[in-house]
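Per TrEMBL, the features are:
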DOMAIN    105-285  domain 'Malic enzyme N-terminal'
ACT_SITE  128  active site, proton donor
BINDING   181, 444, 489  (S)-malate binding site
ACT_SITE  199  active site, proton acceptor
BINDING   270, 271, 294  divalent metal cation binding site
DOMAIN    295-558  domain 'Malic enzyme NAD-binding'
Ligand SMILES: NC(=O)c1ccc[n+]([C@@H]2O[C@H](COP(=O)([O-])OP(=O)(O)OC[C@H]3O[C@@H](n4cnc5c(N)ncnc54)[C@H](O)[C@@H]3O)[C@@H](O)[C@H]2O)c1
Ligand SMILES: O=C(O)C[C@H](O)C(=O)O
Ligand SMILES: [Mg+2]
């Protein structure tokens, strides 16, 4: 009892401390070096006293402009860019918007992250999917200043020293890609660096990770994309991708180097082709604090959507086990979703567990996967159907045949193939056994979505619930009715998984922590919202969602006795925190962009 009271008192002390974290910031540079460092630069916002202290007098026009004025000026330029580019091709407009934001980032990160946080609904589609896909495709031409680090196959043997070239002493979050499966755009090699950059921007915006403690990384092991290999502006290694042990030894060396310098960092694997996504996850998940977002983050978001789809039919969650779900795409994301859904069913303690796989139909580029499949992928094997169990549904049956015969409650696309949910397929969903069929076109970017929102409502009917990986506008159904569009994107989970893991100080990310994150997201939406077809919250509340998700992850780690604490909050304090206090602890730990006084130290 006495110990409990002491822990609670310490927690209150810490809370007071965290609420007042924005103290002065120590810098080791002066003059133009500061102006050219976006971490510290405040442009015309440096107060006169600070200009004196940091040797900035005379290097800036004399008037001091407030943060708010700088913010308004930027937003004004952004709005006039919008006006001036109206009517121009959408790609041109998207890249122009990306450029103006990127230029701000390269100059002044505090202002950049503030405009990002305050306008996340408008800016996420620019710094994240879909525009980030376009940026990756055009990376050679867009490159001006490097962001993050590049480790290539040619750096073998050097990574342990290279990692010290990164200027920050502490790193909390790393997002790593090898560029081999960028969104649904295939192998983009070194150009895939845009994805870790975009994901980490979301970490700052949603999870309040300090931008001085993030690190986007490209692991360049070659490229198997002939077009880019022949492109004179291609900036990566011009060689075929490493394979087998040669490949793994490069990733091993990188991981060892990271954890030698930053033992508490979390590494998020992103957009690796399927074989390496699964292999590296198995290889590292019990050795390092890492997760694969496409496999695990996506699975949690999809599961939350699938549970929402059950509720939308007015059924209890337990009826999830009775839902017939057709998954199109048997890659890292599709298989990840099925594995997690299966796990959720067994956690629900359903007596129908043994039949759990019977509710899933898995389709890849060769059609329906059955046990007749030659060279059946071991990852897909648990979901292979018995050929002919439904008359006419044999190995390789087409998507249309499957939808017509199965009459699924849910049609979920993670194939990367734009338009594959065509008119016929969508019309066939009208005969679904669900009164409210769910259509999830989760592939990114927009042009790779299995169908558009408008197509889904037009062909499958106004009664569907719809979600897509990239944003679409809500659909006008006439008579004042609106077809709600949800964004089913792993952005709703990965920031909370990363932040929660960081704050609890667990050494590994367990299935229990991931399930807790998914469950939290699923329960975020109210019954009333669900009835309106809202399955996921608005991105405008992403910080709030992330706080809840991170707290759920912390509590799951505590329950599993994995929470070792972070900074001044030890495992004992974490154990004694109530649910509410955990949420407060998470919220109080988030970085928020304001100008802090800079103090020079040699
Ligand atoms: N919304 C999200 O949060 C989210 C998360 C992860 C991935 N994704 C998207 O999912 C897509 C796939 O990602 P992945 O990592 O699983 O890729 P992957 O390359 O591992 O798998 C793609 C799968 O699609 C199948 N496929 C290809 N053509 C097909 C066709 N014509 N019909 C049926 N199946 C076909 C392939 O056989 C393969 O099984 C990408 O577009 C990615 O952007 C979205
Ligand atoms: O990047 C995204 O928008 C989601 C996902 O990680 C993907 O690979 O498509
Ligand atoms: Mg991804």
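Glycine is no exception: its Cβ is also placed from the backbone N, Cα and C atoms.
By the criterion of other Cβ atoms within 10 Å of the residue's own Cβ, the least surrounded of the recorded positions 181, 199 is 181. Of all the binding-site residues in the list 181, 270, 444, the shortest Cα-Cα distance to the residue listed as 'active site, proton acceptor' is found for 270. The recorded positions near ligand 1, defined by a Cβ under 6 Å from one of its atoms, do not include any of 128, 199, 270, 271. Cα-Cα distance from residue 294 (divalent metal cation binding site) to residue 181 ((S)-malate binding site): 10 Å (rounded to the nearest whole number).
The recorded positions listed here (128, 444, 489) include no residue with a Cα within 10 A of the Cα of residue 271 (divalent metal cation binding site). Counted over every protein chain shown, other Cβ atoms within 10 Å are most numerous around 270 among the binding-site residues 270, 271, 294. Selection of the recorded positions 128, 199, 270, 294, 489 by a Cβ distance under 6 Å from ligand 3 yields, in sequence order, 270, 294. Note: the CA-CA distance between residue 270 (divalent metal cation binding site) and residue 128 (active site, proton donor) rounds to 13 Å. Cα to Cα, residue 181 ((S)-malate binding site) and the residue listed as 'active site, proton donor' are separated by 16 Å. A Cβ distance below 6 Å to any atom of ligand 2 is met, among the recorded positions 181, 199, 294, 444, 489, by 294, 444, 489. If you take the C-beta of residue 128 (active site, proton donor) and look for same-chain residues 6 or more apart in sequence within under 8 angstroms, you find 198, 199, 201, 202, 491. The number of other Cβ atoms within 10 Å of the Cβ belonging to residue 489 ((S)-malate binding site), over all protein chains shown, comes to 24.
In this structure, residue 294 (divalent metal cation binding site) is part of a helix by DSSP. Same-chain residues that are not part of 270, 271, 294 yet have a Cβ within 8 Å of the Cβ center of the divalent metal cation site turn out to be 177, 181, 195, 269, 272, 277, 292, 293, 332.
Looking just at the domain 'Malic enzyme NAD-binding' (295-558), the mean pLDDT is 96.
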